[in-house]
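Peer 1: Not my notes, these are from Swiss-Prot:
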type    : residues : note
MOD_RES : SER8     : phosphoserine
MOD_RES : LYS277   : N6-(pyridoxal phosphate)lysine
REGION  : 469-502  : region 'Calmodulin-binding'
SITE    : LYS496   : site 'Anchoring site for calmodulin binding'
SITE    : LYS497   : site 'Anchoring site for calmodulin binding'
Amino acid sequence: MVLSHAVSESDVSVHSTFASRYVRTSLPRFKMPENSIPKEAAYQIINDELMLDGNPRLNLASFVTTWMEPECDKLIMSSINKNYVDMDEYPVTTELQNRCVNMIAHLFNAPLEEAETAVGVGTVGSSEAIMLAGLAFKRKWQNKRKAEGKPVDKPNIVTGANVQVCWEKFARYFEVELKEVKLSEGYYVMDPQQAVDMVDENTICVAAILGSTLNGEFEDVKLLNDLLVEKNKETGWDTPIHVDAASGGFIAPFLYPELEWDFRLPLVKSINVSGHKYGLVYAGIGWVIWRNKEDLPEELIFHINYLGADQPTFTLNFSKGSSQVIAQYYQLIRLGHEGYRNVMENCRENMIVLREGLEKTERFNIVSKDEGVPLVAFSLKDSSCHTEFEISDMLRRYGWIVPAYTMPPNAQHITVLRVVIREDFSRTLAERLVIDIEKVMRELDELPSRVIHKISLGQEKSESNSDNLMVTVKKSDIDKQRDIITGWKKFVADRKKTSGIC
């Protein structure tokens, strides 16, 4: 006789996750559930939902690193439970951050003696780094104005209209007027002469970008420095420069070592760089470096001792993980100058492959420059039939995430697509992307043209009345719908026609 018994609902170990009750209901969206669920079910359900995310390696919109060596992944996981602010408890982690600051400062040609410690701090990204640099400029300007008995209520900062949104955040959050140099067609970075013309006695600094988000172009920091030196001599001001090198800070020293953009220029007082971009670390690490101690006002530095020892701190947040700092140190010593140079050269070569492939199609204008961040920004030569947004949308069907966007003022009428070439974007992928873009263009060519539809839907019939006068008769909504249906039926029928074996 076979004995059997019913399995209780609590005996979940015998159930497949997909045979359990946990996949029969929707996941909580607003309130925490009353009851627990097995760890296997929680993992499987969340993992399944995450499958709908894009593939990070094919996310060509992002500058952020999406691949690191397995050895570094191990270091990250082994330190993921360390809180960086516990400096007394994790002194080696603090030492690694200080080493990173020193290495990056020397990379940017900071005027340091051989054993002198650099002034800088690790952040969660360039946005926080820019906030800190901006606060230092504002406080220095305020202190100088107060000493001169002048008002301090109207600080401003001069940037190009192509700056990343974090500059707008800084201006709004910390009550600084943002004075933007407008762009123009064919010139998508800040014009140094226009920027200097905007400078007045209330300008806390001029921000230059080494690697525009829009097209990767390096702004002419040296020309800006030279023009600003002359203006400072004429006016008696001492307006400084901050370089936003979020993208280009780990590129220029290796690909363009002779380019003067950093602390070699006397008015450059601080530089930020994203470790999680071309510093080759996963998201969550940035750096800001000051020229010397005098450029970071002491009153902005806090000293705390409730974690076991006196700790100076200058950050906008408090707790943060240590793993990204450790990963940055790994990359700096693992790759060295040789390794970073090889990576950046590979990125540039793959950028050239992609750019030349797009040029051969004769369908696109290349908006990006040869010298700059390794990316390709391009726009349609003829957008009367189809748009860059349609190309971006259709590329997702092949797995590619390629952003389309309009330029800032006064070039809003220009729309571009942008492909960022990262370390893990190989030549094979570049060639494959060109093939898929050509496929998309052929598919779009087969679609009813936007212009043709506009003409057909807005078409008007002309008829003669009894007095031989021409009377215009507009199509009804039903007629327009019939035209659309007829057009799509023809399109579908043509798509079904084949010649040979499918």
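The backbone N, Cα and C atoms fix where each Cβ goes, glycine too.
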Peer 1: List every residue in the same chain as LYS277 (N6-(pyridoxal phosphate)lysine), at least 6 positions away in sequence, whose Cβ is under 8 Å from its Cβ.
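Peer 2: Once residues fewer than 6 apart are set aside, LYS277 (N6-(pyridoxal phosphate)lysine) is near PHE63, VAL64, THR65, ALA246, SER247, PHE250.
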Peer 1: Pop the mean pLDDT for the region 'Calmodulin-binding' (469-502) in here, whole number is fine.
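Peer 2: So the average pLDDT across the region 'Calmodulin-binding' (469-502) works out to 55.
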Peer 1: Quick one: what's DSSP say for LYS277 (N6-(pyridoxal phosphate)lysine), helix, strand or coil?
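Peer 2: The residue in question, LYS277 (N6-(pyridoxal phosphate)lysine), is coil (DSSP, three-state).
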